[in-house]
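Undergrad: The structure follows.
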Amino acid sequence: MPDIVNRKVEHVEIAAFENVDGLSSSTFLNDVILVHQGFPGISFSEINTKTKFFRKEISVPIMVTGMTGGRNELGRINKIIAEVTEKFGIPMGVGSQRVAIEKAEARESFAIVRKVAPTIPIIANLGMPQLVKGYGLKEFQDAIQMIEADAIAVHLNPAQEVFQPEGEPEYQIYALEKLRDISKELSVPIIVKESGNGISMETAKLLYSYGIKNFDTSGQGGTNWIAIEMIRDIRRGNWKAESAKNFLNWGVPTAASIMEVRYSVPDSFLVGSGGIRSGLDAAKAIALGADIAGMALPVLKSAIEGKESLEQFFRKIIFELKAAMMLTGSKDVNALKKTSIVILGKLKEWAEYRGINLSTYDKVRKRE
């Protein structure tokens, strides 16, 4: 087995310090316009950003999606993120826990999260390929118990695996059969998330047919994991690097993925993530059809700078979200989900080509 721990460190180093954010790709969120209301009918002070994350109430409709863990220095990053998200009442996901299941010394870098964040929702994380490789109920329960998780994310990352030097692109259909059986035995919900390339309506429908109702888009336009693996390939002189260059804009853009999942699985719980870089992006994702927005890379970068930097980042994000709510007359998150929007440009073209009737979709996104 390759050294997963060193790979985790290299992933964080490349993500934080190389140019991989939105490289050669777009979220399409620029094509979502929130309609300004000159007389909002509310005051800024009465805006309520609280919402539900499964069984728990959260302060803001934003979560930190999983990214890291596995070594002491990564545990320190997780600790900072956990302390700050606890302070702000924001859910936190951890990175893949495979390393902690297979290497006991890696467990503390994940377990620290619950120790410093006793009340917020914490989301465990395992990869779909591990189901093919033999993971089952025992490993899922271990990942959940390790951090006393409120949910577990199962990540899809076929594009990353294809271009990873030591990748394991194993996605046989029986993995979904195993996942369906495991979900029936777990005490917490499963969220299926992508890893920077988005969830299409075909994938959403397939997952739904196996009992999955919770999704995290992780769409194109944010952290480019193909680019991260391309850089790792280049460092190793791996011939895959040249091929990876041709796939840097591969995937379903975040805004399109939100629409595709909401349209095809209207009753889903949906996290809109992938290139969410501001509170305005978060507001657009929610107005477009997500229940909450998710972000990882900007949180990671701020956490590396320190606790104060991350606190300031969240204050900025929350202010921008509330500003968007104020200027659309949305006094709470449910109102934001129903606020008037205009869909333009490439996103409109994408939706129309994919058979999404915009008038019908407007009712679907408002949950009417």
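Placement of Cβ uses the backbone N, Cα and C atoms for every residue, glycine included.
As annotated in Swiss-Prot:
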{"type": "BINDING", "residues": "R7, K8, S96, Q97, R98, Q160", "note": "substrate binding site"}
{"type": "BINDING", "residues": "T65, G66, M67, T68, S96, N125, K193, S218, T223, G275, I276, R277, A296, L297", "note": "FMN binding site"}
{"type": "BINDING", "residues": "E161", "note": "Mg(2+) binding site"}
Undergrad: How big is the gap, in Å, between the Cα of Q160 (substrate binding site) and that of T223 (FMN binding site), rounded to a whole number?
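TA: Each residue's Cα considered, Q160 (substrate binding site) and T223 (FMN binding site) end up 11 Å apart.
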Undergrad: With K193 (FMN binding site) as the reference Cα, tell me which of the binding-site residues S96, Q97, E161 is the closest one.
TA: S96
Undergrad: So if I draw a 10 Å sphere around the Cβ of R98 (substrate binding site), how many other Cβ atoms end up inside it?
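TA: Counting Cβ neighbours of R98 (substrate binding site) within 10 Å gives 21.
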Undergrad: Whole-number Å distance between the CA of R7 (substrate binding site) and the CA of M67 (FMN binding site)?
TA: 13
Undergrad: From the Cα of K8 (substrate binding site) across to the Cα of T223 (FMN binding site), what is the distance in angstrom?
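TA: Per the Cα atoms, T223 (FMN binding site) and K8 (substrate binding site) stand 15 Å apart.
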Undergrad: Let me make sure I understand the structure: which of the binding-site residues listed (T65, S96, Q97, Q160, T223) has the fewest other Cβ atoms within 10 A of its Cβ?
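TA: The binding-site residues T65, S96, Q97, Q160, T223 were compared, and Q160 has the fewest Cβ atoms within 10 Å.
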Undergrad: So among T65, M67, E161, I276, A296, all listed as binding-site residues, which is physically nearest to R98 (substrate binding site)? Use the C-alpha atoms.
TA: M67
Undergrad: What three-state class does DSSP give Q160 (substrate binding site)?
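TA: Helix, per DSSP.
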Undergrad: R7, K8, E161, K193, A296: which of these binding-site residues has the sparsest Cβ neighbourhood within 10 Å?
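TA: With the binding-site residues R7, K8, E161, K193, A296, fewest surrounding Cβ atoms within 10 Å: R7.
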Undergrad: Quick one: give me the count of other CB atoms within 10 A of the CB of I276 (FMN binding site).
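TA: 31, counting other Cβ atoms within 10 Å of I276 (FMN binding site).
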Undergrad: How far apart, in Å, are the two Cα atoms that lie farthest from each other among R7, K8, S96, Q97, R98, Q160, the residues recorded as binding substrate?
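TA: Those residues reach a largest Cα separation of 17 Å.
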